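Record features (TrEMBL):
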- His43: active site, proton acceptor (ACT_SITE)
- Glu70: active site, proton acceptor (ACT_SITE)
- His190: active site, proton donor (ACT_SITE)
- Asn7, Arg18, Asp191, Gly213, His214: 3-amino-2-oxopropyl phosphate binding site (BINDING)
- Arg45, His50, Thr100: 1-deoxy-D-xylulose 5-phosphate binding site (BINDING)
- Glu151: site 'Transition state stabilizer' (SITE)
Amino acid sequence: MTKLSVNINKIATLRNARGGNRPNLIQSALDCERFGAQGITVHPRPDERHIRYQDVLDLKAVVTTEFNIEGNPTPGFLELVKKVKPEQVTLVPDAPDAITSNAGWDTIQHQNYLREVISDLKSTGTRVSIFVDPVIEMVEGAAQTGTDRIELYTEAYASHFHQDREQAIAPYARAAERAVKLGLGINAGHDLDLDNLKYLNQNIPGLLEVSIGHALICDALYFGLENTIQLYLRQLV
Ligand SMILES: CC(=O)[C@@H](O)[C@H](O)COP(=O)(O)O
Ligand SMILES: NCC(=O)COP(=O)(O)O
């Protein structure tokens with residue numbers, strides 16, 4: 001069964017809105033795990049708009065499922081990841097001022113850089129995943145970097161899903177098929193929700209994990225966090 005890693009960035013957004021500690025991020029992560037989440041994902045951005053570096057240190061002490069830290073491998077990010085040693089790190093080529101993640105790596109242009117960073121991170125025992133678009137050449141480039149997994153950037157799938165789901169999924173299915181042949185593990189994430197998740201899971205061979213945050217936390221405002229996590233898990237059976 002494809003694992004669900006809940007991205008708790010937006011719980012931190014709400015907490016930061018008033019400068020206090022409500023909702024309590026640590027308790028929220030523990031509750032997500034208790035409700036069935038098989039991983040916790042955070043994306044500490046340089047401006048700490050939601051997840052703070054201290055949150056990552058605090059979460060490491062309590063998360064008992066898989067801890068996945070996402071981010072651009074800046075020196076500060078790499079120092080944090082090496083200190084925390086999460087089960088997985090997902091490298092994302094976001095600019096510091098990006099409103100959200102908006103592209104995968106150019107694994108050909110940045111292949112030597114990625115190879116060096118990935119080797120350094122893997123030497124600490126952390127599994128490495130890199131964020132890529134569903135483009136065969138980018139998947140093939142990723143395989144040359146030494147990464148354990150790729151995370152397929154699913155924004156384009158989500159934005160086209162309602163118009164034509166078969167057309168929307170096609171590049172992802174092709175990219176996943178190539179990735180499996182190259183020995184890469186496959187994760188997926190960004191803009192996944194209760195409408196599009198089941199079809200994605202049914203059509204991506206070898207999908208190991210989805211990380212979902214924005215839509216899931218929004219849904220939890222209406223359905224409650226426990227019920228929402230259960231709803232998402234039922235899309236993955
Ligand atoms: C890499 C990706 O698509 C998400 O993990 C990202 O964490 C979303 O970031 P925001 O929550 O800041 O939009
Ligand atoms: N890697 C994707 C992720 O962690 C959450 O993305 P989103 O569901 O907030 O768009």
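Even glycines carry a Cβ here, placed using N, Cα and C.
All TrEMBL annotations are machine predictions without curation.
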Recorded positions near ligand 1 among Arg18, Glu151, Asp191 (Cβ under 6 Å): none
Cα distance (Å, whole number) from His43 (active site, proton acceptor) to Asn7 (3-amino-2-oxopropyl phosphate binding site): 8
Listed recorded positions with Cβ under 6 Å from ligand 2, out of Thr100, His190, Asp191: His190, Asp191
Recorded positions near His190 (active site, proton donor) (Cα-Cα within 10 Å), from Arg18, His43, Glu70: none
Distance in Å spanning the most remote Cα pair of Asn7, Arg18, Asp191, Gly213, His214, given for 3-amino-2-oxopropyl phosphate: 26
Three-state secondary structure, Thr100 (1-deoxy-D-xylulose 5-phosphate binding site) (per DSSP): coil
Longest CA-CA distance among Arg45, His50, Thr100, per record bound to 1-deoxy-D-xylulose 5-phosphate, angstrom: 12
Chain-mates of Arg45, His50, Thr100 with C-beta within 8 Å of site centroid, 1-deoxy-D-xylulose 5-phosphate: Asn9, Thr13, His43, Arg49, Ile51, Ala98, Ile99
Separation of alpha carbons, His43 (active site, proton acceptor) and Arg18 (3-amino-2-oxopropyl phosphate binding site) (Å): 20
